[in-house]
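What follows is a set of notes on a single structure, which appears directly below.
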């Protein structure tokens, strides 16, 4: 069906108002969806006209999927500002309908959101976007788009800790205290793997299948959801064999859904929690679409309600940050590996990667329940299967410790993962340092780890190449930012610092003139009852350099950072090893501001480790001893060819350029400075 650009259908105003607002008109609209869809198609305008219209004073913003084939023009999610009253979404929708009617347009209100986020879903012409964006209380509007299932018993052995591996999979518990909500296709609940373990809800919000000749064969409609339900809690092939599942159908028989249907499914979960709160809750999102601000915002709202969300990274062999819900910081995002712990390849595609991935899990040739019959099994691959593994592991961890927060759960998943087992050469070169080399595993025990100081590394997005460009990395609300570092592949950067923004501390990195951009790297830790602050020493201008101290009683140094305004600091040569008793201060270049991150917390104990080698050195590392956790990672100040410093697990990595290309002399030293901490009091108490 073709589209007609910039056409309006003029209706008598009384008739339009009767259709839009009257009860009989409302019923007529509900009974004639197909005719309405044709009308929406007829009313679509050309893309070029929208950009000019939105520049004429609209206060809200418009968003759409970056992947054109996945876009669904004519359907829009209108999101209101957070502080709006609960009644405002419906009132704003009715106001939009009335104003559109005066202009001769028909609008259909599809859904009103109250519990998940304030907003509503409408079908309307693109000609009305400018009008909608100008409405009071509107924050932004997002065009609907498609989401897709991400699937194209070594897996159970792989997630069992090496010291406990045996001929039989023996998890610490079955995850019986946890409910898992699965947003997927329908499920064959009578399969022997999951019979009696799955509650098929009455929720269903799916688009029609593509193609007029598509046959909705039951076994095909149920295949993806049935397999994943079996991976999560199947009797024979499941990870958490005691977890109960709730099935919400948001994908059609072709494994295709929409952002809006996923939103409505998430709101269904939100309402269910309000009506009848339960214990720990895990939501499995084995689907992916283009980046969606509104879907990520919805995930954030659920996470605030202590719901754990686990999502597939996507099967596009691409940066996971370009997809949703994988890009949402509050979501635990999972990539896929094979039996050799290598990234999964799916034809010309494969698992997604990058800084938005938290960890990887088994995702190739996974045996699970088949919808072909009640006793059939099938092998499937993809990041959906990987996410199902992590959802099962999360269920067991939450059963052992039901009060775990999302931040605590994520930190434990990272801490207990198998480390440095993935061949990073599979990833694009610019993504290797950003992608975590972690494969999910069960904890070796369910007790005795409460004293452990857990930390993780969070990378920012790339800053861009302009001189004043900055990058920002932030921790989760329940985490403490203990240190901040920066990295630039060109080596042209102006350092980093910790700054307070909106009541939270963030890590900022600064690009330099002629630089290609910079990353900020935050070290985010779980430190209960901590009182942290940053102490800054301004540029000294002369002498050996600047020194920033932790001068408050009982405060301990957890990280050092520095930033400068000039393009070239030059070099100076402080000693690599600090004098004994000087572990509460940071040293910096005389032309830079130096920042000491200092914390007071019960039982906190920290020490500094340094390792230096004469240049040229492509990489220098220093690692904390067992029982100690890396909280700070920095480079020797004033070394001209250093690209930056970052933490990989409990190892501080400093990267540098070849001195032959920089004009520097090999007399310079490349040094990595690590600050290692532990919670001594809690360790003794445990």
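Backbone N, Cα and C define each Cβ position, glycine as well.
According to Swiss-Prot, the features are:
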- 1-28: signal peptide (SIGNAL)
- 36: sulfotyrosine (MOD_RES)
- 45: phosphoserine (MOD_RES)
- 75-147: domain 'Inhibitor I9' (DOMAIN)
- 153-459: domain 'Peptidase S8' (DOMAIN)
- 184: active site, charge relay system (ACT_SITE)
- 221-253: disulfide bond (DISULFID)
- 224: active site, charge relay system (ACT_SITE)
- 321-356: disulfide bond (DISULFID)
- 384: active site, charge relay system (ACT_SITE)
- 448-686: region 'C-terminal domain' (REGION)
- 455-525: disulfide bond (DISULFID)
- 475-524: disulfide bond (DISULFID)
- 484-507: disulfide bond (DISULFID)
- 532-599: disulfide bond (DISULFID)
- 550-598: disulfide bond (DISULFID)
- 560-586: disulfide bond (DISULFID)
- 606-677: disulfide bond (DISULFID)
- 624-676: disulfide bond (DISULFID)
- 633-652: disulfide bond (DISULFID)
- 686: phosphoserine (MOD_RES)
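Positions of the features from Swiss-Prot, shown on the structure.
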residue: 221; record: disulfide bond; Cβ contacts under 8 Å, 6 or more apart: 185, 186, 252, 253, 371
residue: 356; record: disulfide bond; Cβ contacts under 8 Å, 6 or more apart: 313, 319, 320, 321, 326, 327, 333
residue: 384; record: active site, charge relay system; Cβ contacts under 8 Å, 6 or more apart: 149, 150, 151, 224, 228, 286, 287, 312, 363
residue: 484; record: disulfide bond; Cβ contacts under 8 Å, 6 or more apart: 473, 496, 497, 498, 507, 508, 509, 520, 521, 522, 523, 559, 561, 595, 597
residue: 532; record: disulfide bond; Cβ contacts under 8 Å, 6 or more apart: 480, 481, 482, 505, 558, 597, 598, 599, 600
residue: 560; record: disulfide bond; Cβ contacts under 8 Å, 6 or more apart: 483, 548, 586, 587, 588, 594, 595, 596, 597, 632, 634, 673, 675
residue: 652; record: disulfide bond; Cβ contacts under 8 Å, 6 or more apart: 621, 622, 623, 630, 632, 633, 634, 645, 646, 672, 673, 674
Going by C-beta under 8 A and a gap of 6 or more residues, the same-chain neighbours of residue 184 (active site, charge relay system) are 149, 224, 225, 228, 247, 248, 249, 250, 251, 284, 286, 287
Using DSSP three-state counts, the residues of the domain 'Inhibitor I9' (75-147) come to 23 helix, 27 strand, 23 coil
Which ones are near residue 676 (disulfide bond): of the disulfide-bonded residues 455, 475, 525, 550, 606, which have a Cα within 10 Å? 606
Compile a sequence-ordered list of residues in the same chain as residue 455 (disulfide bond), six or more apart from it, whose Cβ lies below 8 A from its Cβ; state 'none' when nothing qualifies. 411, 482, 523, 524, 525, 526, 629, 630, 631, 647
Closest to residue 624 (disulfide bond): which of the disulfide-bonded residues 475, 550, 606, 677, going by Cα position? 677
Determine the mean pLDDT over the domain 'Inhibitor I9' (75-147), rounding to the nearest whole number. 96
Neighbour count (Cβ, 10 Å) for residue 507 (disulfide bond): 30
Residue among disulfide-bonded residues 475, 606, 677 with Cα closest to the Cα of residue 550 (disulfide bond): 606
Determine the Cβ neighbour count for residue 321 (disulfide bond): the number of other Cβ atoms within 10 Å of its Cβ. 19
With the cut-off set at 10 Å between Cβ atoms, which of these disulfide-bonded residues ends up with the most neighbours? Options: 475, 598, 633. 633
DSSP state at residue 475 (disulfide bond), helix/strand/coil: coil
Of the disulfide-bonded residues listed (253, 586, 606), the greatest number of other CB atoms within 10 A surrounds the CB of 586
Cα-Cα, whole number of Å: residue 606 (disulfide bond) versus residue 475 (disulfide bond)? 21
DSSP three-state assignment (helix, strand or coil) for residue 224 (active site, charge relay system): helix
Cα-Cα, residue 475 (disulfide bond) versus residue 677 (disulfide bond), nearest Å, comes out at 18
Which residues does residue 677 (disulfide bond) neighbour through Cβ under 8 Å, counting only same-chain ones at least six apart? 453, 482, 556, 558, 604, 605, 606, 607, 628, 629, 631
